[in-house]
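Annotation comment: TrEMBL describes B:T47 as pyruvate binding site. What TrEMBL records for B:Y135 is active site, proton donor/acceptor. Sequence annotations record features per position, and here TrEMBL assigns active site, schiff-base intermediate with substrate to B:K163.
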There are 2 protein chains.
Amino acid sequence: MSIFQGLSAFPITPADPSGRVDTAAVARLIARIAQAGVDSIGLLGSTGAYAFLTRQERRRTVESALEAAGGEIPVIVGVGAITTIEAVALAQDAKAAGADGLLLAPMSYTPLFEEEVFEHFATVAKAGNLPLCIYNNPSTTRFAFSRALISRLSKVENIVAVKMPLPSDEDFASELTSLRSTTGPGFKVGYSGDWGCPSSLLAGGDTWYSVVAGLMPSQALTLARAAQDGDALTVQRMDEAFKPLWALFKEFGSFRVMYMIAQILDLCVVDPPHPVLPLSDAARHRIVIALDHIDACNFDV
Amino acid sequence: MSIFQGLSAFPITPADPSGRVDTAAVARLIARIAQAGVDSIGLLGSTGAYAFLTRQERRRTVESALEAAGGEIPVIVGVGAITTIEAVALAQDAKAAGADGLLLAPMSYTPLFEEEVFEHFATVAKAGNLPLCIYNNPSTTRFAFSRALISRLSKVENIVAVKMPLPSDEDFASELTSLRSTTGPGFKVGYSGDWGCPSSLLAGGDTWYSVVAGLMPSQALTLARAAQDGDALTVQRMDEAFKPLWALFKEFGSFRVMYMIAQILDLCVVDPPHPVLPLSDAARHRIVIALDHIDACNFDV
C-alpha cells in the first residue's frame with residue numbers, strides 16, 4: 001500500500017512563545033496517533049505550523065516524531081518554504097532523519113507562475129529523494145494547481161500523490177476520473193477539508209488528509225473506515241456527530257480550533273504562534289459542546 | 001516633512017543563489033537613488049525581496065544601505081515576517097542600525113483575522129519605536145485592510161502612514177477623503193502600483209511608493225514632481241513614455257522585470273530568488289524596447 005493512502009493524521013506542533021518546539025509533547029501526540037492505527041502521520045502540515053517554525057525546530061520536530069512513531073506508521077513531512085533553497089534543505093533534513101515521505105506546498109510571497117512551481121517541485125523532489133505529495137491548498141498558498149500542471153508533475157520522479165482541496169461542486173467522482181485519466185494508475189489522489197473528506201472516500205478518493213485525526217485519531221479512523229467500506233449510512237450518522245465541529249473549523253479556521261481541542265482534551269496547553277491568537281472563552285465553550293456531540297455518538301457500533 | 005511623503009524608491013536587493021546579499025551592489029543602488037534626490041528609500045520592500053531573506057541578510061542589507069545613504073535621505077525598512085516574534089526582532093534590528101522608519105506588511109500563512117493583524121501591528125510598532133507605515137498589499141499578503149482597521153491602527157503610537165493598493169475604480173479623490181476623515185491630519189496616505197501612482201499624486205495623495213524609482217530614480221522623480229505640481233499635461237506625456245513598461249510590470253510582475261532592468265542598465269547581474277525564475281530572452285527584448293521608449297521622452301523639459 002502507498003504511504004499516501006487511507007487516513008493521514010495531521011497533528012499540531014506544540015511550541016513555546018519563542019518558537020521552540022516541545023518535543024516531549026510532539027512525542028505524546030505522535031504515539032497516540034500511532035496507537036489508534038491510522039495509516040500515516042502528516043507532520044508539519046499547515047496544521048503542524050510548518051510555516052511558522054525555523055529549520056532547526058522543524059528538524060527537532062521530525063526527529064522526535066520519528067522516534068515516537070517507532071517505525072509503526074509512515075511519517076510524511078511537510079517541507080514547504082518560500083525559497084527553493086530552504087525547501088531543498090528541509091527535504092534533505094527530513095530524508096536524513098528517516099522520514100517516509102514529503103509533502104510540499106507552493107508556499108510563496110510573490111505570486112508564482114506555473115513554470116516556477118514546476119521547477120520548484122522538480123528540484124525539491126529530486127533533492128529529497130523520497131515519495132512526495134503535492135500539497136494543493138490555495139487557501140493558504142494562493143496557488144491553484146491546474147490539471148495540466150498536476151499531470152506534468154505526476155511524471156516527475158518521486159512525485160506520486162496530490163492532496164486536493166474540496167471541489168466547489170462537491171463532485172468528487174468526476175474530479176477523480178479526470179485527474180486519474182492524466183496522472184497514471186500509481187498516482188494517489190486525496191483530499192483535505194475534513195467536512196468533505198468522508199464523502200471523498202465514499203467516492204473512491206485514495207486519502208483523507210485529516211486535521212481532526214491529529215488530535216482525535218480513533219473517532220476519525222472509525223469514520224474513515226466506514227467510508228472506505230462504502231457504508232454510506234454509517235458515514236452519514238457519524239458525520240452528523242462531527243457537524244458542529246466542522247462548523248467551528250469553517251468559522252475559526254481548523255488551525256485555531258485544534259489548539260483549543262488540545263487543551264480541552266488535556267493533551268497540551270499551548271497557544272498558536274503569534275500573530276495567530278488563541279480563541280476566546282466563548283469559542284472554547286462552543287468547542288466543548290461540539291466535542292461532547294461527538295462523544296455522544298457511539299463510534300464503536 | 002514626513003518621511004512618508006513624496007517619491008519613495010524601492011530597490012531590489014541583489015543576492016547570490018545561496019541567499020547571501022551583495023552589499024557592495026546594494027550600496028551602489030542606494031547611492032544612485034540618493035544622488036537622484038528622491039524623498040526616501042523603501043528598503044527591503046516586496047521589490048527588495050524581504051520575504052526571501054534571512055534575518056541576518058536583512059540586517060546586513062540595512063547596515064550597508066544606511067552607510068551608502070549617508071544620512072542624506074531617509075531609509076524606511078520593510079520588517080514583515082510570518083511570526084510576530086520575527087517581525088519584532090527585525091524592527092529592533094532596523095532601529096539599532098539607525099533606520100528612519102519601518103514598513104510592515106501583514107505577511108501570513110494562515111489567513112489572519114482583523115484582531116490578529118491589529119495586535120501584530122501594535123506589538124511591532126511598539127517594539128520598533130520608529131515611525132511605521134502600514135503596508136497594505138493584498139496581492140502579496142492576501143490581507144485587505146478595512147477602513148475601520150486602518151482608522152484604528154492610525155491611533156496607535158508610531159503608526160503614521162499607510163501604503164495603499166490602487167483603488168479598483170481609480171477614484172483616488174474619494175478614497176483619500178474617506179481615509180483622511182478617520183485617520184487624522186498627520187497621517188499620510190500613499191499608493192503603490194506604479195502605473196496608477198502619478199494620478200494618485202495629482203489627486204492629492206501623499207506618497208508614491210515606487211518600484212521603478214528603485215532603478216530609474218531620475219525619470220520617476222521628474223514624473224513625480226510634475227504630478228506634485230499639479231501639471232497634468234506633463235504627467236500625461238511622461239506617463240505615455242512609461243506605458244510599455246507598466247504593461248510589462250502587469251504581465252510579468254514588477255519584481256521579475258526589475259531584475260532584468262538592473263541587468264540591462266548594467267547595475268548588477270543577479271537572478272531573482274528561486275522559485276521565482278529569471279525572465280526569458282524574449283521578455284528581455286521587450287523590456288529593452290520599453291526602456292528605449294522612456295529614453296526617447298525628454299524628461300528634462
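Placement of Cβ uses the backbone N, Cα and C atoms for every residue, glycine included.
When Cβ atoms from all protein chains are considered, those within 10 Å of B:K163 (active site, schiff-base intermediate with substrate) total 25, not counting its own. Cα of B:K163 (active site, schiff-base intermediate with substrate) to Cα of the residue listed as 'active site, proton donor/acceptor': a distance of 5 Å. Following the DSSP three-state reduction, the secondary structure of B:T47 (pyruvate binding site) is coil. Taking a C-beta cut-off of under 8 Å and a sequence gap of six or more, the residue listed as 'pyruvate binding site' has these contacts in its own chain: B:F10, B:P11, B:I12, B:V211, B:G214, B:S254, B:F255, B:M258. Other C-beta atoms found within 10 angstroms of the C-beta of B:Y135 (active site, proton donor/acceptor) number 28, with every protein chain shown included.
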